[in-house]
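A.B. asks: According to TrEMBL, the protein has these features:
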DOMAIN    4-52  domain 'ATPase AAA-type core'
DOMAIN    75-119  domain 'AAA ATPase AAA+ lid'
COMPBIAS  137-154  compositional bias 'Basic and acidic residues'
REGION    137-182  region 'Disordered'
Amino acid sequence: MNVSRRLNQMLVEMDGFEGNEGIIVIAATNRPDVLDPALLRPGRFDRQVVVGLPDVRGREQILKVHMRRVPLATDIDAAIIARGTPGFSGADLANLVNEAALFAARGNKRVVSMVEFEKAKDKIMMGAERRSMVMTEAQKRVDRVPRSGPRDYRSPGAGTRSGAQSDDYPARSCAGRDLLPA
């Protein structure tokens, strides 16, 4: 069944309620901008309750719930972690605890400490650490070849300074040739 037919069927069912006594229909979305306006008419979903991100006390309580199932070091203070995680949703906080536990497990630690929570927060906020950015020797040699800017190679001398031919500069015309595999 396509989306339009499902929407129409739901609207028909909601309009068909016999007497509105004792019936409450609740729905949730994280994309209210894509809701069909027909859903928001009076008698349907005409009340909207916005649930924002948790404040520092809410984050602390959420952290405590997720920390129950993780062995924690004695230096762990949910209030300190909550203050350092503004803008985190409940799902983000659950992920933070899971990532901290994974960091501890990778380090063969029996308990999760603040160090692991800091690493987990960095990973969530900035992304995973990328160690593959080390350049190989061949990449370093290519990087050392001077860039001369865009050139138009359609006509002889086009794109070169003062109309000089590339043959006038043999070092430039063969630059990088030794970088190619034999």
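Note that Cβ sites are derived from N, Cα and C of the backbone, with glycine treated the same way.
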A.B. asks: Give the nonlocal contacts of the domain 'AAA ATPase AAA+ lid' (75-119) in its own chain as ranges (CB under 8 Å, at least six residues past its ends).
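C.D. replies: For the domain 'AAA ATPase AAA+ lid' (75-119), the sequence-distant neighbours (Cβ-Cβ under 8 Å, at least 6 residues beyond its ends) are 53-54, 56-57, 59-60, 62-64, 66-67.
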A.B. asks: With DSSP, how much of the domain 'AAA ATPase AAA+ lid' (75-119) is helix, how much strand and how much coil, in residues?
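C.D. replies: Each residue of the domain 'AAA ATPase AAA+ lid' (75-119) counted once, the result is 29 helix, 1 strand, 15 coil.
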A.B. asks: Tell me, what is the mean pLDDT of the domain 'AAA ATPase AAA+ lid' (75-119)?
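C.D. replies: That region's mean pLDDT is 96.
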